[in-house]
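Engineer: As annotated by TrEMBL, compositional bias 'Polar residues' applies to 110-120. The compositional bias 'Basic and acidic residues' feature in TrEMBL is assigned to 161-172. Per TrEMBL, domain 'PEX14-like helix-turn-helix' is recorded for 7-86. Annotation source TrEMBL lists domain 'Peroxisomal membrane protein PEX14-like KPWE' at 118-164. Annotated region 'Disordered' per TrEMBL: 101-120, 145-172, in sequence order.
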């Protein structure tokens, strides 16, 4: 099976060993620490980065680092689209192989687990979750109850509209 050049880049990106690359790990730590400091500056009660934000920052850092290191051009949106349509044909291990060509050998060697969360920020996946009625990760469920006893009474006098102010001035 011949691959187009961009698909080769996608496979190389999938196959990149991020865990053992100390430069990447150090850069990612700095990015996440900086982002957390910015969050704390805006809201001191925040103690951690949400998993959705952390995943997005990690993916952007991976893309940037991969492009800098290899010289390839990688668009994350195009990669995610490719992964939706073709990613299930590949299994991530020490090397990417097409499923069906040696799957039995790979599973015997102890396949690594994917440490990404079980959801994606991809629009298509979000649309499927919404259409199927499943809860969307990271979205707070708000009950449809309005608490009328907790309302407040207006204390300030209602402002006069410009034509009402002009009418009072002309009458005096």
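Yeah, the Cβs are placed from backbone N, Cα and C, and that goes for glycine too.
Remember, TrEMBL labels are computer predictions, not curated facts.
Any idea what these are sitting next to in the structure?
Structural biologist: Broken down by DSSP into helix, strand and coil, the domain 'PEX14-like helix-turn-helix' (7-86) contains 61 helix, 0 strand, 19 coil.
Secondary structure by DSSP for the region 'Disordered' (145-172): 13 helix, 0 strand, 15 coil.
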Engineer: Please give the sequence-distant neighbours of the compositional bias 'Basic and acidic residues' (161-172): residues at least 6 beyond its ends with Cβ less than 8 Å from one of its Cβ atoms.
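Structural biologist: Beyond its ends, the compositional bias 'Basic and acidic residues' (161-172) has no Cβ neighbours under 8 Å.
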